[in-house]
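**Student:** According to TrEMBL, the feature domain 'CS' maps to 5-112. Annotation comment: TrEMBL describes 95-115, 186-206, 226-249, 269-288 as transmembrane segment.
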Amino acid sequence: MENQVLTPHVYWAQRHHELYLRVELSDVQNPAISITENVLHFKAQGHGAKGDNVYEFHLEFLDLVKPEEEEQLNKLRLESQGSPETLTSLKKGYLFMYNLVQFLGFSWIFVNMTVRFFILGKESFYDTFHTVADMMYFCQMLAAVESINAAIGVTKTPVVPSLFQLLGRNFILFIIFGTMEEMQNKAVVFFVFYIWSTVEIFRYPFYMLSCIDMDWKVLTWLRYTVWIPLYPMGCLAEAVSVIQSIPVFNETGRFSFTLPYPVKIKVRFSFFLQIYLILLFLGLYINFRYLYKQRRRRFGQKKKKIH
C-alpha cells in the first residue's frame, strides 16, 4: 500500500502581475521548489495539519511561466503561527512599551523641575535631588535594558556608546549624588538632571514612533539635533559635580583605602575621580562621534558628481 501524499494548506493572492502564495508549514527542512512549464512543484519536510511529515503539492497555472520570471519563486514564503512577522510584532510592542515608560518618567522629571523653577526660582536648585531622585533612580536603572537590548541584538544600537552613557550617568547618580548627602543640596544637581531629562523627552518619543513605522519630521529633527548643544553641556555639568565632590570625598574618607603591608599607602577615592574625569570626556567623544554619524546618515546629502 502506497503512502498517502499529504498536502499542506496553501493560500494565494494576486496583485497586478504578481502571485503570492502562503504555505502553512513550520520547521521546514529541505524545501524543493521548481517550475516545469506551467506547473509549480513543492515538496518539503515540515510540521503541518497532519503533524511532522513530508508535504507536497503541484499548482497548475493558466499560462506558461517565462524563464526570466522563475526568479519570482523567491516570493514564496513559508509561514506558520510562529512566523517572523509575529515575532517582529512582539518585539515592536515590547520596545514601544519600554520607550513609553521611559518617556513618561523623564517627562515627569522635566515638568516637575520646570514648574518648580518658575514658582521658586533659584531656590528650586537646592532641593532638586530630594524632589525627583526617586524617579531618576527608576529611569536610570531601567535604562540598563537598552544596553542589554543592544548586546543581544534586539536593537541595532552599538553596545559601547550605550554602555558608556549608562555607566557614566549611573556613576554620577548613585555614587556622586546618591552616597554623599553633602552633594545632594548643590545647584549642580538641577543642571545635570534637567539636561538629562531634556535629551530624553525627545529621544524616547522618536523611538516610540519608529516602533509603529511613523516619522514625525519635527520630532526626528529634534532627536538628531538637540544633543549637539546638550551633550557637551551635560558633560560639563557632570564634570563640575565630580570636581565639587573631590574635597567632600577627601574630607570624609569614603571609599578610600590603604594598601596592605608592606606598601601601606593610602589611596584616596579622589584619585579615581580624577581618572573618571578623563573617561568622562572620552565617553563624550565616543557618543558625539556616533550621534554625528547617525545625523549625517539621516540628513546628509549625497554630493553630486560633476562631469
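Each residue, glycine too, has its Cβ placed from N, Cα and C.
Can you tell me where each of these features sits in the structure?
**Tutor:** Beyond the transmembrane segment (226-249), the same-chain residues lying 6 or more positions past its ends with a Cβ under 8 Å from any Cβ of the stretch are 168, 172, 176-177, 180, 182-183, 186, 188-189, 191-192, 195-196, 198-199, 202, 255-256, 268-270, 273-274, 276-277, 280-281, 283-284, 287-288, 291.
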**Student:** Looking only at the domain 'CS' (5-112), what is the mean pLDDT?
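**Tutor:** Looking only at the domain 'CS' (5-112), pLDDT averages out to 79.
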